[in-house]
Amino acid sequence: MRARVLVGMLTMVGFAMGKAPVARVRTCHLCLLEDPSLGCISGSEKCTISLPSPCMVITIYKNTTVRFHVRGCGQHHSYRCQERHVIYQSDYLYKADCCQYDYCNSWSSAQHQSTLRGSPGSHLGMPLSASQIKQFYQALNLSLPQPGFHAHKVSEGLESLILPPELGLSIADLRQIYLFLNSSGLLVLPWDRP
């Protein structure tokens with residue numbers, strides 16, 4: 001009888017000691033440019049940040065229209081879930097929402113796959129191809145790591161980078177947006193390590 005009790009106690013202690021360690025990082029979706037109707041244009045990735053920092057969705061408005069979403073790892077410890085913070089910068093209005101669990105900053109629309117322009121059903125213009133995404137990152141010139149995919153060699157000039165025409169936004173405007181988001185402390189951009 002005592003042997004059964006001892007085995008039972010050892011089993012319980014074994015289960016209690018063998019629990020998986022709690023992760024000390026949060027994993028979030030990362031998309032530097034998401035159009036509400038096209039999905040993630042810049043290539044979707046993931047980012048990690050130490051707890052208790054949040055995942056974030058930053059909605060960018062032009063006048064009263066939602067123009068873009070930026071998804072990534074948040075930086076402000078003062079943000080509480082469901083709080084919204086509004087920041088005005090140039091002609092854009094930024095609204096930041098945070099959440100406190102892995103991948104909680106989910107997509108607002110289905111993520112489309114790149115297709116050849118001119119193919120049936122491509123009237124909306126699809127997200128950038130792999131080589132265009134690489135050029136997009138280079139054109140922003142923010143020392144961002146390249147997305148995790150294999151692409152064809154990118155041409156030297158950035159003139160061939162064509163964002164979907166429905167965006168109505170230049171690379172210079174995008175760069176200004178990302179520099180503001182990073183310098184304001186809203187978003188942790190994944191800087192490339194030397």
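In case you wondered, yes, glycine gets a Cβ from its N, Cα and C as well.
Marked as disulfide bond by Swiss-Prot: C28-C55, C31-C40, C47-C73, C81-C98, C99-C104. Look at Swiss-Prot and you will find 26-118 tagged as domain 'UPAR/Ly6'. According to Swiss-Prot, the feature N-linked glycosylation site maps to N63, N141. The signal peptide annotation in Swiss-Prot covers 1-18 and rests on sequence analysis.
Here the features listed in Swiss-Prot are painted onto the structure.
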residue	record	contacts (Cβ under 8 Å, 6+ apart)
C28	disulfide bond	K46, C47, T48, I49, C55, M56, R71, G72, C73, G74, D102, Y103, C104, N105
C31	disulfide bond	C40, S42, G43, S44, E45, H69, V70, R71, G72, W107
N63	N-linked glycosylation site	none
Please give me the CB contact count at 10 A for C40 (disulfide bond), counting all chains in the structure. 24
Lowest local Cβ density among C55, C98, C104, which the record lists as disulfide-bonded residues, within 10 Å: C104
Taking DSSP as the reference, which of helix, strand or coil describes C104 (disulfide bond)? coil
Counting across all protein chains, other CB atoms within 10 angstroms of the CB of C47 (disulfide bond) number 21
These are the disulfide-bonded residues: C73, C99. Which one scores highest on other Cβ atoms within 10 Å? C73
